[in-house]
Each structure stands twice: as C-alpha cells, then as structure tokens.
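Marked as signal peptide by TrEMBL: 1-22. Per TrEMBL, the feature domain 'SRCR' maps to 33-134, 160-288, 313-413, 423-531. Positions annotated as disulfide bond by TrEMBL: CYS59-CYS123, CYS72-CYS133, CYS103-CYS113, CYS252-CYS262, CYS338-CYS402, CYS351-CYS412, CYS382-CYS392, CYS499-CYS509.
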Amino acid sequence: MWSLPAAFPLPLLLLMLGQILPSRPQSLSTMKLRLVGPGSRPEEGRLEVLHQGQWGTVCDDDFALQEATVACRQLGFEAALTWAHSAKYGSGEGPIWLDNVHCVGTESSLDQCRSNGWGVSDCSHSEDVGVVCHPQRQRGYLSERVSNALGPQGRRLEEVRLKPILASAKRQSLVTEGAVEVKYEGHWRQVCDQGWTRNNSRVVCGMLGFPSEAPVVSHYYRKVWNSKMKDPKSRLKSLTKKNSFWIHRVNCLGTEPHMANCQVQVAPAQGKLRPACPGGMHAVVSCVAGPRFRPLKAKPGRKESWAEQETRVRLRSGAQVGEGRVEVLMNRQWGTVCDHGWNLISASVVCRQLGFGSAREALFGAQLGQALGPIHLSEVHCGGYERTLSDCPSLEGSQNGCQHDNDAAVRCNIPNLGFQDQVRLAGGRSPEEGVVEVQVDVNGVQRWGAVCSDHWGLNEAMVACRQLGLGFANHAVKDTWYWQGTPGAGEVVMSGVHCSGTELALQQCQRHGPVHCSHGAGHFSAGVSCTDSAADLVLNAQLVQETAYLEDRPLSQLYCAHEENCLSQSADRMDWPYGHRRLLRFSSQIHNLGRADFRPKTGRHSWIWHQCHRHYHSIEVFTHYDLLTLNGSKVAEGHKASFCLEDTNCPKGMQRRYACANFGEQGVTVGCWDTYRHDIDCQWVDITDVGPGDYIFQVVVNPKLEVAESDFSNNVMRCRCKYDGQRVWLHDCHTGDSYRANTELSLEQERLRNNLI
C-alpha cells in the first residue's frame, strides 16, 4: 500500500492513474464487429473491429470465454462456445486495434470491457484471436441488414447508380448499363476503372436489383471517353482533373451485399496531390435483369431457364415483390428454411436465384410469418456464388430442433422501375389511406386522375399499396365521399381495373381502353387503407384427413341446420321428421400464421344473432366446403351460412383474446387457431344425393377475399376422396400451394382426361 502527500495535486494523480490502469476504448455505440476467415461459418471466425473507418484485429493476450461471450452477444448470437488463439482463422491485415481485453462477461458490448486502448498493442498478427459463437440467434436479434456501412475515414458510402452513356440505354425505362456512380458524403462520384473487376460489377448489379452482370464492350466506351477528353469545351474533361470527382479504387470479392462491405479507397494513398485516375476512365457496368423485369422481347441470358430455377425456391407472405418467407421444394413438397446460421450471403443466393439482386435484409424468427408444413433446411452456409440454394451446404431441418418460429425470410433488392412515382393517396387521415390517384398517358400527355371503383376489390387494393410501398391493403374502399382528392385530379382516368394481385403496379393490371365508369367520378372513386402487417389463415389439412367420416343423421336432429340452410335442396322435399341425411363430417382447424389478428370486416352493429347456436355471427361467408368431380364440377357443397370467429386454442404462454360468448370480441389472434369440431352443426357436406366414385374434396377459407391476408395462395385445401356408397376415404390432403406446380398440373390433366372420356 502506498500513500501520497496531502498536497499532491488531484489532476496529476488522475493523469498517473490513466497511465497505469487499463483504459476503455471510446464509446463503441458506433463500434462494429465481424467474424472473418477462410471458409468460416457466420458464427465463427477471426474477430475484427471497425475503428476510424478501418477494420483491425484483436490480440489473443488474456482473451478468454467471457470476452468471447460479450463479442458473440454483440454480434447477435446467444452465447460463445469457445475462442481460438494464434490466428487459427488466418492472420489479419491492418492495425491490431485491441489488446489485453478484460470483460466480466455480463457486458452488452465489447466497448464496456477494459483494454490497453485503441491501437496500443505489442502483438503481431500471428496472435489474432478468433471466436466460435452458438449458432442460435438471440430472440431480440431479428435480422441482418445491409445498413449504410461505414466506409473509409468513417464516412458513409451510401448508394450506387448507373448513368447511361449510349443513346439506346438512355431510351430504356430500366437502365441496365452505364457508368458507375457512387454517392459518397452526400455527393455523387464516378469510379475509376483501373483495377475494376467483374466481381465489382456483380456487387453493383446486386445492389441495383439485378441477379448478374454481363461483359461490357469497353473499347467502344473508351472511344467515346477519348472523344470527350479531346473536346476543349467538354465539362467532363475539367471535372476529371478534380480528385473529388473520383472514387480511386474498389476491390470486391463479388459476394458482398453492398459496396460499403468491399475495400474502397476514395483517394490515392500518397495524398491529394496525386491524380485519382491517371489515364483511366469511369468504370462501366452492364447488368442482366431478372425475367420479371425484362422487356418481353428480351431473351434469357442463361442456358438454364429462370423458370426452372424459380420452381425450386419461392417467397411467401411478403408485402413487396422480392420479400417473404423462404420456402424450398424437396421431395415434391414445399417447406421452410430454419434461421440457424441464416445470413445475408445465403439470403443473396435465394434472391439471385429468383431473378432479383442481392439481399438487403436476412430476417430471423418468422418475421414474415410461419408456415405449417415441413422444415427442410437448417444451417445453410452459402459461399455467395452458388446458382441455387440447394448447391449450398446445409443440414436437414429436423436435425437441430427447429420450429416454425425459426422460419427464415429475406428482403431482396429489386430494380427501380419508377412505379412508385405514378400513384399517390389523397384526402386520408394518415399517409396510409385515401383516394387512389394515378398518373397515366392521356392523348400523349401525362395526367393525374382517379380510379373508377367499379369492380374495385382487395386484389386491386393490394397492388396499389404495394406500388405505394405501404405494405398490404387493409380495406378496398369503393365509397370515398369523406376523402377529398387532389384539386384538378378528380377526373376518372382508369376504369375496369382487374388485377391478379401479383402485379408491381396498377398500370400493369387489365383495364378498359376508353375509360368507362358507371357512376362517374367524385364520391365513388377507388380508395385504399394500407397496413404494414396482415393475417394469414391456413387450414390444417392433416386434421381434415384424419377426422373425416360418414354419418346418417335423422331429420329429427336437423331442424336447426335446415333453418340455417346447411342441407342440400332435396331435403326440402322430404317428409320431416322421418328419414335421414348422409353427411360427410370432418373437423377444421384454421391457424392464423400471419403478423396481424384476423378480424371481421364489419363492426358489432352488423353481426347477426343465431338463435339455434345462441351466439352472434360476425362474418357471413368464412369458408366454402365443396365436393367436386375430377374435372372440377361441383356435386355437393356445405351451406355454412356464417361463422363465429374465436381463439379456440393458443400456443403455451399465449392468452386467448377472442371469444364468441357474451357478445365478446371476435377474431383469430396471431399464432392461435379457430377449431370447428366434426360434431357441431353444419360442419359437413351433405352427400345424400351423391353416387359412389372418386372425387375431390375442397375447403376454401376467406373465399370472397373479404378480409386482408398476406398470402391468399394457401387458402384452398384439397383432398382426394373415394366414396363406395357406404364408406369414405380422404387422402393426399394439402393446401393449394404445398406441392410443386407439376403435381397440381398433373391433377388438372387427369380431370381433363376424365372429362373427355
């Protein structure tokens, strides 16, 4: 123990202690970590830290499990499994930023631990430390995003664009070829072509929403460049002499989701006096658009058709084109991908496979909804150059205990076609609602106007909200008298709009040539209300198959059902109460797998009291039950007039919110399900008049699309049905999108053959 004179100055004491005690780095609220190394997985690698715009390593002196735990948590993983010393994941480059790091283990980030200070180290790169994290992501770690990553000198390298040079490229609505321009510190710069590679072009194209790059006829562009450099009046010639016009050098591997992740050198290393691009010209890139964004006359650029690749992977339940839950086709059945090990590189492989650009976000924890079927893949580890997701190393989804709350999703970069500038909302109480106004060509002049609400429905509203970038449609509004449109834009310029629901813009939907609107403009123009989340109802097909049976039910027990029109018309001609009806009964369990509660379209004032069932019915048509011939003709149907919506059951730990009793609120909570048991009234199809044979049993949920859902493709369930006159068998029950397209096609062909015979 040592002491100081009483008169020892306090400032000098603090200065001495600062030299003796380990210091904390500056606050790392902006600090970024990454794991890198040859062949390393996302959860393991050499630990690197970003400081002053430059990545550097961490020395292994005193580094142990508690330090590794803090680093892994900061990276979004649950915990650390171990650490590695002596540059196991290869020697890094650049500075060794941290040495003698000491953590307690409870810190939330590495900046809260002690160390020697920034760049204070006696280590060499042979002592670079590595860490191995648990592959499970933290519950609150929802996605890996391409943020505007810090570039050189801590500045932001924001975005890229292509400036068309050739006259033919300037005439195209979608620019796929031109000089690369980078927005750096808020100003656009061009990139020097010296050292430019196809890998760089691949990254640029991916950011712009294109899956691949193409060779450029560089000698032609050089000829154009030289002619401008010889022109004394050329503005370009004077600009190129300024280093602020250039990005000096870019070096990408080709797998990066953003140029900010590449090695970018803005200015020459020797200083500002040296020219940034001596003897060079601007880098030119040519991108290949995916099939969805190509002109119809364009030919595919690859030997294998994009359609074949697309059928192996798909996105579901996304609000925008190029986003959704990732599903893959294996063993003729669609299934999901577990988020264990899911990252931007693997997500980018999916995006490019589907004809989009690189991924801008890899989402974990079923952020875009859950599925009901199998989980096919887990621990997917792509290198970035794979043609399809199936080319990447992975495990079977069942091997590590994945559940559907681990379903992985993705948001891809897509080309900017300018559609968002051709639609707007007016008069609403919030930016998410209002009268729909579109910009169209009227006699060669671009004009804004209203959309006729004749036949305006949820599919059309979905396209409008997607075009606006506002998510899903919550309501398709036909009567907009309470919303004031933009002055001068009240005339109807679009009518007869009919969308399939997958279009990028209303301008791509079918519509009238000459405008024809039965009620004119004004109070009856089309409107929408948009939302960023929606419900997604899916019927449990397996339960239908397991619970189906026949019952001959006496008429004396069917008065209530007859009153609600749940029997076939021939029941009206029977001698009541004598006789019986043959009923195909089954249980239905309808899950809400979306991200919003499923609520009735109408308010309580419109609900109908049913004396037989002693509760209010909130939605008139919730499901259709049909028995079809193999060629699709209907032979029997379930007349379920209206339904009561409630949470029959919810997962453990989740509270039921909706119940029919006592005039309670009705709906189906996210994650819960509404069950209609086989033994309740009207839960059947009356097949009394149906003869023996092979049929298709079909259930359609939300058949009139009255309530918004994130995915309508899974609302239909079909089973093969065999009836011998006394017994019934249901088999091969599946939702409409659970098998590959070819399977559904073969079923359709069989119907057609049967019809011809």
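Placed from the backbone N, Cα and C atoms, the Cβ positions cover glycine too.
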For CYS252 (disulfide bond), the number of other Cβ atoms found within 10 Å of its own Cβ: 21
DSSP-assigned states of the domain 'SRCR' (423-531) in counts, ordered helix, strand, coil: 14 helix, 40 strand, 55 coil
Number of Cβ atoms other than its own within 10 Å, given for CYS59 (disulfide bond): 23
Euclidean distance between Cα atoms of CYS392 (disulfide bond) and CYS338 (disulfide bond), Å: 14
Those disulfide-bonded residues listed as CYS72, CYS392, and which of them has the most Cβ atoms within 10 Å of its own Cβ: CYS72
Among CYS103, CYS123, CYS262, CYS499 [disulfide-bonded residues], residue with fewest other Cβ within 10 Å: CYS123
CB within-chain contacts under 8 A for CYS412 (disulfide bond), separation at least 6: GLY209, GLY322, GLU323, ALA347, VAL350, CYS351, LEU354, PHE356, GLY357, SER358, ALA359, ARG360
Densest Cβ neighbourhood among CYS351, CYS402, CYS509 (disulfide-bonded residues), 10 Å radius: CYS351
For CYS382 (disulfide bond), the number of other Cβ atoms found within 10 Å of its own Cβ: 22
